[in-house]
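**Student:** Pasting a structure below so you can have a look.
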Amino acid sequence: MRIVFAGTPEFAAEHLKALLDSPYEIVAVYTQPDRPAGRGQKLMPSAVKALAVAHDIPVYQPQTLRNPEAQAELAALKPDLMVVVAYGLILPQVVLDIPRLGCINSHASLLPRWRGAAPIQRAVEAGDAESGVTVMRMEAGLDTGPMLLKVVTPISAEDTGGTLHDRLAAMGPGAVVQAIAGLADGSLQGEVQDDTLATYAHKLNKDEARIDWNRPAVELERLIRAFNPWPVCHSTLDGESVKVLAANLSTGKGTPGEILSASKDGLVVACGDGALSLTRLQLPGGKALAFSDLFNSRREKFAGGKVLGQ
């Protein structure tokens, strides 16, 4: 089977690795154009491109797949199937129709819940009990196609956006290989999604990471986990930005944002309902540290009565 793979970040690269170890022929890889990265803003290849180059697989990086030239280029590859994972470009219907068996996508949620750009973080933020990977046939709509296969994992009270991402990145590749086998032998037909159950995982916005201490502690604790490692929740103290990477639910009442107490166990801050004990922080110019380490060296900065977010 001739497969074209389309993907960009590390999550997608894990899927490409599995396909390279499978019996299927990867005839080409599509990925986003190189982007400036790092302090020097040097053009850097995507994780998928780097892997493809290492395996001598032809790489295509069109700005769009909407023009006839790019579409003809894809058609010339004569793919049986296109596997799309976190590619980042919209595939018009004419592209979806090119491969003999169509296009399939690995999506990091249990569809139809959390269609869209940030399903992993939105699942943690919402307090979902479970997440997973859905392999589906692609349609012109956003994550709306018939579902071929699902794998499920529980979301623990300690999971962050990062830990859940890594777990799903490990689960998804096997599911894709299994789905391809089912398509090849005709055993997988697909289950139509119930649109009435659909929710949308809107793209993450850095502004969302600014902590609103008027919100309930339960919501903020989930948000802090969901946005770790990116974009990372933050607030201000003494006019300086403070990144909050971990927190636990605590007790106490006060003005939202008020420091209620500080100890090696954490910095307890009042919320709109309840309180949070902040256990891992990053101050400007420093690295992320357990609050116990900051408390030893910067105790005066975290005096009771001070208010975060002002």
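Note: Cβ is positioned from N, Cα and C throughout, glycine not excepted.
Look at Swiss-Prot and you will find Ser109, Leu110, Leu111, Pro112 tagged as (6S)-5,6,7,8-tetrahydrofolate binding site, backed by sequence analysis.
So where do these features actually land, and what's packed around them?
**Tutor:** Close to Pro112 ((6S)-5,6,7,8-tetrahydrofolate binding site) in the fold, though at least 6 residues off in sequence, lie Asp143, Thr144, Gln193, Asp194, Asp195, Leu197, Ala198, Thr199, each with a CB less than 8 Å from its CB.
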**Student:** Between Leu110, Leu111, which of the binding-site residues has its C-beta surrounded by the fewest other C-beta atoms within 10 Å?
**Tutor:** Leu110
**Student:** Around Ser109 ((6S)-5,6,7,8-tetrahydrofolate binding site), which residues of its chain at least 6 apart sit with Cβ under 8 Å of its Cβ?
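**Tutor:** Sequence-distant Cβ neighbours: Arg115, Pro119, Ile120, Ala123, Ser131, Gly132, Val133, Thr134, Ala201.
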**Student:** Helix, strand or coil for Leu110 ((6S)-5,6,7,8-tetrahydrofolate binding site)? Use DSSP.
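**Tutor:** Looking at the DSSP assignment, Leu110 ((6S)-5,6,7,8-tetrahydrofolate binding site) belongs to neither helix nor strand, so coil.
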**Student:** Report the residues of the chain - excluding Ser109, Leu110, Leu111, Pro112 - with C-beta within 8 Å of the mean position of the site's C-beta atoms, for the recorded (6S)-5,6,7,8-tetrahydrofolate site, in sequence order.
**Tutor:** His107, Arg113, Trp114, Arg115, Pro119, Gly132, Thr134, Asp143, Met147, Lys150, Gln193
